[in-house]
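**Student:** Handing you this structure, nothing more for now.
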Amino acid sequence: MQTPPKDQPGKKPGIIRVEGMHKWYGDFHVLKDLNLTVDQGERIVICGPSGSGKSTFIRCINRLEEHQQGKIIVDGIELTDDVRHIDTVRREVGMVFQHFNLFPHLTVLENCCLSPIWVRKTPRKEAEASAMEYLERVKIPDQANKFPGQLSGGQQQRVAIARALCMKPKIMLFDEPTSALDPEMIKEVLDVMIELAGSGMTMLCVTHEMGFAKTVADRVIFMDGGEIVEQAPPHEFFTNPQEARTQKFLQQILAH
Amino acid sequence: MTESTMKAPKKALRPVKWMRENLFSGWFNTVLTLGVAYLLVTSVGPLLNWFFLDANFVGSDPSACTGVGACWLFISQRLNFFIYGFYPDELQWRVDVMFLLLAVSFVPQFIERFPGRKWLGLFGIFGLPIVGYFLIPGGSFGLEEVQSSKWGGLMLTLILAYIGIIASLPIGILLALGRRSEMPIIRGICVVFIEVWRAVPLITVLFMASVMLPLFLPEGVNFEKLARALIGITLWQSAYMAEVIRGGLQAIPRGQYEAADALGLGYWRKMGLVILPQALKMVIPGIVNTFISLFKDTTLVLIIGLFDILGTVQSTVTDPAWQNVAIEGYVFVAFCFWVFCFGISRYSQNLERKLDTGHKT
Ligand SMILES: Nc1ncnc2c1ncn2[C@@H]1O[C@H](COP(=O)(O)OP(=O)(O)OP(=O)(O)O)[C@@H](O)[C@H]1O
Ligand SMILES: [Mg+2]
């Protein structure tokens, strides 16, 4: 267990703290001075136009991307070049990708057990039992011995969620988990995510599913041009956006 | 409901119809068909005669060969030399044991339901070289020593190919990973190694290993010729292998690397559990291709005075006691190579089918 940092006695510390973070791709300034604190159990939805840096931002939180300036502190550990810190953080942060990224050469069950067995050193029996529990939670225990290539997109994404949960992470990151899915499959994935949100998981979710944002989010963050333009609770965000850019974005996406 | 009674339509095979459509559709095709048929008939007959009907199979010395057909007697009389080289007769059981172990490890791989075939295969890859290391040269466990200069024939070919194959795969994997490493020094070393070895013909490598290497080695350090050839072959082959494997690594989508990273697997587990299994599976045809060409390239050791199967046959066909047996000798060599290379190829197809998990990237 992590002891709370001593610099903030009494106050519940942010499990994710991003302070003055910048990132460049070569000369291109993708993320500009981002500041964000996420408390344990908070559910955050990030939205914004294409190319605004949403993916880049949440990929920085488990260091799939490197930031060049500022601080990212996850669960009390600052992300630096230190590989051991990175691996520790990644164990506590699960991630779900737009294109599922399941391992096609392993069965669903093996996909789920891989990291618990090899990283957490959980005994195989135990890992499999726990994986089955999570597969049940995402409602596909009967597919456990199939290969990912034999499942539908919605099923694959639910496996991907179960795989991330098997590491018993403290934080879950979602990068547009439903945008590669056919409309009839979106709901089955969203249902799983709503259920997860209800269980008290800290969640950061890039999505354009505004219905989802309204139901579960504690806070909606709007990004544009690599900046956090506005953040507010969903009700406020949707009914009374402050910034012109937010208003324009909401008009566009709610128009259809 | 008709779905349960509907069967996929079978393609009926009607020979006459097929022939009319494919072989005799129009005057041009008919002429071609007849011409090819004529050639087949006139050439297959004499070939059959030479190979079997007029051939001499039995007898005890060269005079038993009539010279009309093939003199297979030559092969059977000198078979011992072709297989064992100069390995002493009374110790050849040691080589036989190795042949037997080789067969026991790999033949079951073709039989789908053979019990424990996985373990036999693992023994073939890891155990066999160790057993062979003690058994073939002897000199320990009370086994009489046999100098490597006495090894030869098929046995030598298999030793060269087997060690070359088994050792070059892991070295090739490391080189391929190194070449894609983010650490510039490691990457540089691997690039130089691969590019240098790959750009040199195997003959040159063998020459350098046997003639030049001793000049550089300090006085008293004396590698056997065979060991030097083996090292040369292995390193040369690894460079090729590395490039084949790198092709596989590059074909793995970035999402696989990211998913493995996000799970906190770390570099070696990511590579060993997620990336390499997929990459190697993808390049099985390329790997096997490299294996097969190595198998055949081992014949080049003749040039540094090692007598592999081709070498032993070549030195025998010039034996004055036997007249005009060159064709028989080379046909025999070709047949031996074909058997092994075809075996490797079949096995790889088998493996590909077994590893297919029905995904398409
Ligand atoms: N590897 C890279 N190298 C250079 N530029 C990149 C790279 N990855 C992303 N970018 C650029 O960074 C910007 C932000 O990309 P990002 O993928 O974070 O956007 P996004 O908000 O997730 O968009 P989308 O909604 O389309 O997924 C884009 O302009 C993109 O072109
Ligand atoms: Mg994105």
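Heads up, residue numbers simply count up from 1 along the chain you see.
Placement of Cβ uses the backbone N, Cα and C atoms for every residue, glycine included.
Take a look at what TrEMBL says about it:
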type: DOMAIN; residues: B:154-343; note: domain 'ABC transmembrane type-1'
type: TRANSMEM; residues: B:27-52; note: transmembrane segment
type: TRANSMEM; residues: B:93-111; note: transmembrane segment
type: TRANSMEM; residues: B:118-136; note: transmembrane segment
type: TRANSMEM; residues: B:156-177; note: transmembrane segment
type: TRANSMEM; residues: B:189-217; note: transmembrane segment
type: TRANSMEM; residues: B:271-292; note: transmembrane segment
type: TRANSMEM; residues: B:299-317; note: transmembrane segment
type: TRANSMEM; residues: B:329-347; note: transmembrane segment
**Student:** Counting only pairs at least 6 apart in sequence, do the transmembrane segment (B:271-292) and the transmembrane segment (B:329-347) share 3+ Cβ pairs under 8 Å?
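**Tutor:** Per Cβ check, the transmembrane segment (B:271-292) touches the transmembrane segment (B:329-347).
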**Student:** Apart from its near flanks, which chain residues at least 6 from the ends of the transmembrane segment (B:156-177) lie with a Cβ under 8 angstroms of it?
**Tutor:** 85, 102, 125, 128-129, 132, 136, 190, 193-194, 226, 229-230, 233-235, 237-246, 249, 271, 276, 280, 287, 291, 294-295, 298-299, 301, 306-310, 336, 340
**Student:** Would you confirm whether the transmembrane segment (B:189-217) and the transmembrane segment (B:118-136) meet the contact rule of 3 or more C-beta pairs below 8 angstroms, pairs 6 or more apart in sequence?
**Tutor:** no
**Student:** Cβ under 8 Å, sequence separation of at least 6 from the ends of the transmembrane segment (B:27-52): give me the contacting residues as numbers and ranges.
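**Tutor:** Sequence-remote neighbours of the transmembrane segment (B:27-52) are 69-70.
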